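Asker: Structure incoming, see below.
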Amino acid sequence: MTQSVCILGVTGSIGRSTLKILGQHPDKYSVFAVSAHSRISELVEICKQFRPKVVVVPEQKIVELKTLFAQQNISDIDVLAGQEGLVDIASHTDVDIVMAAIVGAAGLLPTLAAVKAGKRVLLANKEALVMSGEIMMQAARDHQALLLPVDSEHNAIFQSLPHNYLQADRTGQPQLGVSKILLTASGGPFLNHSLEQLTHVTPQQACKHPNWSMGQKISVDSATLMNKGLELIEACHLFSISEHFVTVVVHPQSIIHSMVQYVDGSTLAQMGNPDMCTPIAHALAWPERLQTNVPALDLFEYSQLNFQAPDTQKFPALNLARQAMRAGGLAPTILNAANEIAVEAFLMERIGFTSIPQVVEHTLEKLENAAAESIECILDKDKVARSVAQQYISSIGG
């Protein structure tokens, strides 16, 4: 019997990699529902191949999608719109597995809906957990949802932890003999740039990651090290560990995806070629393993692996994220919202590369922190933070 999969963000890089794995295992998985924000022509081709029962697009894309469906004689797929549609498919009774791969805050409500419906949730949308934190984790416990990390680093940590670690007490302290988490970072494309060189970075340069094939937003986040900051926050929530037990290690080759240190002096690492199909396949099948077409690591090819500390003077975003996690409450929501606005402005060439962390820092300083008591107050603060960030960008000439 096949398991039914819903892919939120099917036309993105994670969505496409997920389809690649599902296509290799039609005896195990079927696609029930998909969503896309853009690339409607690509979405139609996906629908022709995988024949989902339901598709969700933004309201303004409905006419385009239905027109293309009519041209292709596709009449057996239901079309839904907007956030309501996303929540519907993420929590649908016929869905077993939800791939949460919508980028940014837009993925929060459908991801939370999947968790509250008790689904197996493959979490690729780190921003959803950065914003909702313990609300998301408590919902997973309350509804017996299985929240499995797809980010290569968190998936590596998950594989390197004791098998029952997620069931351990959530104290903020390392449990079951764990002493520290080592979160690896490639360092991005500008690892060896000077501060002066960083002021001249273009969006095109920032979107070219040296090791991974990713979307624009996450590529820019990787270049500023904000991606690693968001991943630090995600790790703290997923594994119930305080931020000072998480050390970021720059590892330019992206072969070791993260490590876990233990009290007996052991360090366990998960290694592999940098291909998102591996963590996706792991999360899909855990505790079993799926065959993929990712080649096994050739250790003779990588005779030297390098490690260094991150330069937080050149890349202040990492410390901003650590400070936001330490502050708790709504600070991570403010951080994430301001960063999304700043990255968007950078991609539109309204601000420079080094202005991205400045926008985030200004927004964090401008807004008062408070407890994250509900999803409603998180969404309210997200909206306010976006407005403050936009105003600041306008004030500096963006």
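Positions of Cβ are set from backbone N, Cα and C atoms, glycine also.
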Asker: According to Swiss-Prot, Thr11, Gly12, Ser13, Ile14, Asn125, Glu127 bind NADPH; so which of Gly177, Gly187, Gly188, Gly215 is the extra one listed there?
Answerer: Gly215
Asker: Looking at the Mn(2+) binding annotation from Swiss-Prot, with Asp151, Glu153 already listed, which candidate in Glu64, Glu231, Glu243 is the matching residue?
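Answerer: Candidate in the recorded Mn(2+) site: Glu231.
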Asker: How far is it from Thr11 (NADPH binding site) to Lys126 (1-deoxy-D-xylulose 5-phosphate binding site), counting Cα to Cα, in Å?
Answerer: 18
Asker: Taking the centroid of the Cβ atoms of Asp151, Glu153, Glu231 as the Mn(2+) site, which other residues of that chain lie with their Cβ within 8 Å of it, listed in sequence order?
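Answerer: These residues sit around the Mn(2+) site: Lys126, Pro149, Ser152, His154, Asn155, Leu183, Asn227, Lys228, Glu234, Ala235, Ser258.
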Asker: Calculate the distance in Å between the alpha carbons (Cα) of Gly215 (NADPH binding site) and Asn227 (1-deoxy-D-xylulose 5-phosphate binding site), and round it to a whole number.
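Answerer: Cα to Cα, Gly215 (NADPH binding site) and Asn227 (1-deoxy-D-xylulose 5-phosphate binding site) are separated by 12 Å.
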Asker: Of Gly12, Gly215, the binding-site residues given in the record, which has the fewest other CB atoms within 10 A of its CB?
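Answerer: So among Gly12, Gly215, the binding-site residues given, the one with the fewest Cβ atoms within 10 Å is Gly215.
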Asker: Run through the Cβ atoms and count how many others sit within 10 Å of the one on Ile14 (NADPH binding site).
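Answerer: 27, counting other Cβ atoms within 10 Å of Ile14 (NADPH binding site).
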Asker: Near Gly12 (NADPH binding site), which binding-site residues out of Asp151, Glu153, Asn227, Glu231 have their CA within 10 Å?
Answerer: none
